[in-house]
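The structure appears right after this line, and notes come after that.
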Amino acid sequence: METLFIIMFILLLFLLFAGMYIHSILLTVGILGLILLEGPGYITGFLQSDPFIRTASYSLTTVPLFVLMAQFIVRSGIVEDLYNIVYNLSRGKSSILGVLTILAGGLMGAVSGSSNASAGAMGQVAVPQLLKRGYGEGMAGATVAAAGSLSAVIPPSIILILWGVATETPIGQLFIASIIPGLIIMVIIIAVMLVFLSNKSKSDKTESLEAPFEKEHVSLSRTIVAAILTGLIVFTVFYGIFAGLFTPTEAGAVGALVSFLAALILRKVSVNFLSRSFADTVKLTAMILMIMISAQIFGRFVSISLLPRKVIELLSTLIEYPVLILIILCILYFVLFMLIEGAAVIIMTAPIVLPLILEIGTDKIWFGVVVGILCTLGLLTPPVGLSVYSVAGVTGISSEKIFRYALPYAVVIGVVIIGLLIMFPGIATFLPSQM
């Protein structure tokens, strides 16, 4: 059986590096593995029931609702208006502009839940202004990419939602648990950026760069309205969950409604606005559900192969040293997030890792926050580095220049916040314990 799993794992890696979609890879490996283990009859009965049971879940309505909320926010123009506020407040020292850009990235991550959306939007709006204020290309791109990556750990993070669904962990508690670590990461990013500025690390700035974005004048009244609406969206989602006014699923619906009303107030709602928002929501939701169905099949193969039990037995000599096991898991997750898209990593590894962390008495809410942070690091490190590529794609800056500055962000974030969470787990568990 060990030989079969090794062969299936090699096949998985081969298909992954061949460029196949992750759901196709999981589906292929899962079905083939189940057929070889249990025979064709088993897979026929399994496919008739389990995919429907997996996706016909009330808790999964969280996903499309938060995705729809993000679509309304991005298309309403609140992103541009919010940065206009940041830009106007930061007149003067370039360091203030960078700090406020990071804060704006955190807010956008909080209201969108998507690192790609946050990094891409901030890349279009913020990078040109940072370049005008004397930032080097690599530093400007890396700062915005780091700010965009915050959405992997700041609620309503899609990564946290997937971890909650995959491990049956309360999503609302995951959201609350990630608030303090998310704020600490934001402070770390600001500190690293200030160190870069103090050392005048602008060696990669080109002699002449024509910014692809020119600041558009926005009236004071519109700026004030956009600021109020942004605060209202964030407050509604966070306060509603924390105060117990509604569940995370209901929070997604309320957030989508408030975001739509915000777009309506800003006069952005049109037939095209609605059609594109709903179409992209359907596409993203279908993609996530397809990954979950294929991961369900792959997870069943992993379970039947008894791999989780074998992993526990393999690490049984280390059970008395839970911190060492956690460090090993963190290293493995960091490597996986460097190579594979975050959602795929969580769906593939949850069936294996969950029994192990429960065996060593680790809180799965705490570990879910750690996984979200490690995903944040993966968004900044090659070869995947989705936040970096999002910024590079919308600004025209080479990804190599951005990675040169993004890696120090990732290293410092990883060492400091993971170390703090291991030494002081209450950073992530205190707020959920008060609910």
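Each residue's number is its place along the chain shown, starting with 1.
Placed from the backbone N, Cα and C atoms, the Cβ positions cover glycine too.
Please treat TrEMBL annotations as automatic predictions, because they have not gone through curation.
As annotated by TrEMBL, domain 'TRAP C4-dicarboxylate transport system permease DctM subunit' applies to 9-425. Confidence over the domain 'TRAP C4-dicarboxylate transport system permease DctM subunit' (9-425), given as mean pLDDT on the 0 to 100 scale, stands at 80.
Annotation source TrEMBL lists transmembrane segment at 6-36 (among others). Non-local neighbours of the transmembrane segment (6-36) in the same chain are 42-43, 46, 287, 290-291, 293-295, 297-301, 304-305, 340-341, 343-344, 347-348; each lies 6+ residues outside the stretch with a CB under 8 Å from one of its CB atoms.
Summarising the annotation, TrEMBL assigns transmembrane segment to 56-74 (among others).
Annotation source TrEMBL lists transmembrane segment at 94-119 (among others).
Annotation comment: TrEMBL describes 140-165 (among others) as transmembrane segment.
Counting same-chain residues at least six beyond the ends of the transmembrane segment (171-197), those with a Cβ under 8 angstroms from any Cβ of the stretch are 59, 62, 94-95, 98-99, 102-103, 106, 139, 143, 146-147, 150, 153-157, 160-161, 163-165, 238, 241-242, 247-248, 251, 365-366, 368-369, 372-373, 376, 405, 408-409, 412-413, 416-417, 420-421, 427-432, 435. Positions annotated as transmembrane segment by TrEMBL: 171-197 (among others).
Summarising the annotation, TrEMBL assigns transmembrane segment to 224-245 (among others).
According to TrEMBL, the transmembrane segment annotation covers 251-269 (among others).
Marked as transmembrane segment by TrEMBL: 281-303 (among others).
Residues or ranges marked as transmembrane segment by TrEMBL: 323-353 (among others). Long-range contacts of the transmembrane segment (323-353) within its own chain (CB-CB distance under 8 A, at least 6 residues past either end) are made by residues 16, 22, 26, 152, 158-159, 162-163, 166-167, 288, 291-292, 295, 298-299, 302-303, 307-308, 311, 315, 360, 362, 367, 370-371, 374-375, 377-379, 381-384, 386, 414, 418, 422.
Panel annotation: around the transmembrane segment (365-386), residues 115-116, 119, 142, 145-146, 148-150, 152-153, 157, 159-160, 163-164, 167, 169-170, 173-174, 177-178, 181, 185, 326, 330, 333-334, 336-342, 345-346, 353, 357, 399, 403, 406-407, 409-410, 413-414, 417-418, 421, 425, 428-429, 432 of the same chain, lying at least six beyond its termini, place a Cβ under 8 Å from a Cβ of the stretch. What TrEMBL lists as transmembrane segment is 365-386 (among others).
Sequence annotations record features per position, and here TrEMBL assigns transmembrane segment to 406-431 (among others).
Among residues of the same chain six or more beyond the transmembrane segment (406-431), those with a C-beta under 8 A of the stretch's C-beta atoms are 141-142, 145-146, 176-181, 184-185, 188-189, 191-192, 196, 242, 323, 326-327, 330, 334, 363, 365-366, 369-370, 373-374, 376-377, 380-381, 385, 387-388. For the transmembrane segment (251-269), same-chain residues at least 6 beyond its ends with a Cβ under 8 Å from one of its own Cβ atoms are 61-62, 64-66, 68-69, 72-73, 75-78, 81, 111, 156, 172, 222, 225-226, 229, 232-233, 236-237, 240-241.
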